[in-house]
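Taking it in order: structure first as structure tokens, then the write-up.
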Protein chains: 2
Amino acid sequence: MLPLHANAATKLEDLFQHIDAHQDDFVQSLKDWVAVPSDSSDPRFREQLIRMVQMTAERIRTLGATVQLVDMGLETLHGGQTIQFPPAILAQLGNSTDKATVCFYGHVDVQPAKKEDGWKTDPYTITEINGNLYGRGATDNKGPVLAWIHAIDTYIALQKTIPVNLKFIIEGVEETGSPGLEELLKGHEEFFSDVDYIVISDNVWLSRKPALTYGTRGNAYFFVEVESGKKDLHSGTFGGIIHESMRDLVYLLASLADTAGHILIPGIYDDVAPLTEEESKLYESIDFDMEEHKNNTEVNTFLYNTKEEILQHMWRYPSLSIHGIEGAFAGVGTKTVIPSKVIGKFSIRQVPNMKIPVVEKLVKKHLEDVFAKLNSPNKLKVSLEIGAMPWVANVDDPQYEAARTAIRKVFGVTPDMIRDGSTIPLARTFQDLTKKKVIMIPIGGADDGEHSQNEKISRSNYIQGTKLFASFFLELAKLHEDLQKKSNSNQVKISQRIRSQT
Amino acid sequence: MLPLHANAATKLEDLFQHIDAHQDDFVQSLKDWVAVPSDSSDPRFREQLIRMVQMTAERIRTLGATVQLVDMGLETLHGGQTIQFPPAILAQLGNSTDKATVCFYGHVDVQPAKKEDGWKTDPYTITEINGNLYGRGATDNKGPVLAWIHAIDTYIALQKTIPVNLKFIIEGVEETGSPGLEELLKGHEEFFSDVDYIVISDNVWLSRKPALTYGTRGNAYFFVEVESGKKDLHSGTFGGIIHESMRDLVYLLASLADTAGHILIPGIYDDVAPLTEEESKLYESIDFDMEEHKNNTEVNTFLYNTKEEILQHMWRYPSLSIHGIEGAFAGVGTKTVIPSKVIGKFSIRQVPNMKIPVVEKLVKKHLEDVFAKLNSPNKLKVSLEIGAMPWVANVDDPQYEAARTAIRKVFGVTPDMIRDGSTIPLARTFQDLTKKKVIMIPIGGADDGEHSQNEKISRSNYIQGTKLFASFFLELAKLHEDLQKKSNSNQVKISQRIRSQT
């Protein structure tokens, strides 16, 4: 038998050729998946979301994997009603004891999207313009999930041995903070017991250069509800005598942060890890073009002027964003309404060593204090809707080394080691609960606009990303072989020692 | 020939009987009209709105009236595009020189309405529950327009002479401030030259008691737009480095009024007419049950505690309401977006002697000053979208006397003389441009919820309102007869004087 890595060298070229040749099929698959509006935040799409999870399970089954759909129970909505959570997928393909086992995490739910929000194309119809595939979920996270599946497909199509054992955990409520996932992990310890590495591909590069991610921020998402009465009123007929809920709400929202981006909630920065000199140096070496970043975000000015400050405020400091208001008039045109119940929505990105229960307490106290000063007879209700912790990994772990090599083989460059300001709750949850080695391998571009209008993934990133995953399997296998050799040689030494002792 | 009022006494009973007997037909007509979503504030409904105006023109034509549809030109939308305004209807039925000519103003456009805003029933399907007819436009203003048409129908069905000449002016953009109406009036002086009285029925009673309205507030509706960039961004990826537009906007909106309802825009109260002792006394006699008003509005507390303060702040003082924000996340659930362009919407109800251009200047200056202090690099744009002046009439005018009598004959009570906090721009425009006598005869109940979810008109108000209009025609005819007698007797006196002089 040839050593695995010799066999691998031949394979890589074949794999890449096959992937290039089938790229239109892969784009068609993405089209089929994006066509399902699997919006997890809006209960009206729940049926479609569940269908999306079932489609995904069926797709993974065609790889030859053993697939189970895990019931995730009931979701309690803001109004008190309950609906079914979509099930989670646990799947397994291969269980050779001489191979590494790598578990891929992904999600098939998406953020809300409506054409009238400013989409150039229908958000649920993949449309290719100048090499970009526009559609909700294209990059977050349907594209990467499919790239992983297609990488496996490629081995199967070419009748090559898949060099690793594969597991999947796919969920349908990532965009709402992955509720129930912790319980899922705790309840399936045996599933994760033989897993060596966890791969997550649910974020984007920092620039045009490929990157590997070793940290993410968490998120605490709040609703602040003010209710003045039971129904909306006409501002002509009743304006002037009503304690208008919107007036209270804009005061409350204006009290959260200043225009310099500083959060005004007392105590909120107390648990933020201080910036050490060692960490500070990390930022200097990152390849980060501020002008390009401005172009990607399409803003003229950032809150900070240096690369280091920008990266630190995206990655390692908390930030507060006001997302919008539910219950007020939000349409085009002019409506002369006094809204009765309005819900302000904002979130605070979490960084080490902030603690969600502490943040919740501080936010509630702050808003209640501000509201008390207003002397308003209206009803205030503050609730934490999402509470997700931050995550940081060790960049010297071997799976990072394997991924760096795989990236060099596909892209010809050494990736940037970056963090991500956004939240992938599983990274932290996994690290804490399974003690397994987690790695984040983004394949999307910095300008993909995840969560935004006109979300896309470029055809190139989608296809090269598929190659990257195929290549990564081989590198992981090599790594495993090396580790086993060392382990064997250790065992020989131990046997020798034991023998010499007897 | 019998004198007109002798004939009238017989007629009234016949008319009322006919109206009662045909009430289900009248409700069916309202159902047909409400089924058309003629929302004038949202360009996406423009086709339906134009269809609604055409249906109305056709309906008026069936009365035997001469109907013309007046082209109102193009509307420039906020984004710069243009669309066709709906045409306005001018119609005439009868032109006897010995009858009074009464012109009815109404509108067939409606406020926005969506089931998910909290409607118990589909807003565009009239649904009768406990004697109330729920549906958008039921009371504002399709019900009253139809009641007027059905009053005329009744004379025709019973083959009775209609005691007055009738004219109609019906428009389709009242809910957006009646743009183009002034030009329409100026361009059709000959149409209004023989009109004696203008009737408007576009507001509601103050209590369960019928009322006549002698004043309305105007409205200055503003958009305050803040733009941070060209596209929405993910709050995880970019939160912490963006000058978020929502942060600026909530500051700006919070600066407009305090929670006691006092408007904080410097100079805004300067032109408000001082409250004289004489006017002050007017409020004491009004039949106004504050508890019932609280039940109607479904709020627990008003900003003021006395009947007089409540009425004054609804009728003769300006008020500021924040209606909502366009461009931010307004759906249910959690979306982690940093909105790029957000448009705050608020309006200030206008009272004598405020001047729209002065208000516009003060609002713009105030917001620009507040924004300047924020040191934000974002783009600010403040625009006046609706500018409608207030109106006050003389309650001793004869058309008010005729309406009071008609109300007594239908309801058996003397109506309250009230004002209305909401805006019917035509009242003021008519009074200024045509110098004709304007009267507002509401038929809707205090709890109709115009502009709100679950707008309705009660079957009783709708049918009794039809009787009121039928009765009002007779009272106006009597009034006209009396005036003509006086005028003839004056002419005789003048002839005698001229003869005696020759």
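Here the Cβ of each residue, glycine as well, is placed from N, Cα and C on the backbone.
TrEMBL lists B:Asp140, B:Asp202 as Mn(2+) 2-binding residues, and of the candidates B:His78, B:His107, B:His243, B:His262 the one it assigns to that same site is B:His107. For the Mn(2+) 1 site, TrEMBL lists B:Asp140, B:His451; matching the candidates B:Glu175, B:Glu182, B:Glu183 against that entry yields B:Glu175.
Taking 8 Å as the upper bound (exclusive) on CB-CB distance to chain A, the recorded positions B:His107, B:Asp109, B:Glu174, B:Asp202, B:His234, B:His451 give B:His234, B:His451 in sequence order. For the recorded positions B:Asp109, B:His234, B:His451, a Cα-Cα cutoff of 10 angstroms around B:Glu174 (active site, proton acceptor) retains B:Asp109. All protein chains included, B:His451 (Mn(2+) 1 binding site) registers 26 other Cβ atoms within 10 Å of its own Cβ.
Of all the recorded positions listed (B:His107, B:His234), B:His107 sits in the most crowded Cβ setting, with the most other Cβ atoms within 10 Å. For B:Asp202 (Mn(2+) 2 binding site), the same-chain residues 6+ apart in sequence whose C-beta sits under 8 angstroms from its C-beta are B:Tyr105, B:Gly106, B:His107, B:Asp140, B:Asn141, B:Pro144, B:Glu174, B:Ile424, B:Met440, B:Pro442. The Cβ centroid of B:His107, B:Asp140, B:Asp202 marks the Mn(2+) 2 site; residues of that chain outside this set whose Cβ lies within 8 Å of it are B:Gly106, B:Asn141, B:Pro144, B:Val145, B:Glu174, B:Glu175, B:Asn203, B:Ile424, B:Glu450, given in sequence order.
Close to B:Asp109 (active site) in the fold, though at least 6 residues off in sequence, lie B:Ser38, B:Asp39, B:Ser40, B:Leu49, B:Met52, B:Pro86, B:Glu171, B:Gly172, B:Val173, B:Glu174, B:Glu175, B:Thr176, each with a CB less than 8 Å from its CB. Taking the C-alpha positions, the distance from B:His234 (site 'Important for catalytic activity') to B:His451 (Mn(2+) 1 binding site) comes to 35 Å.
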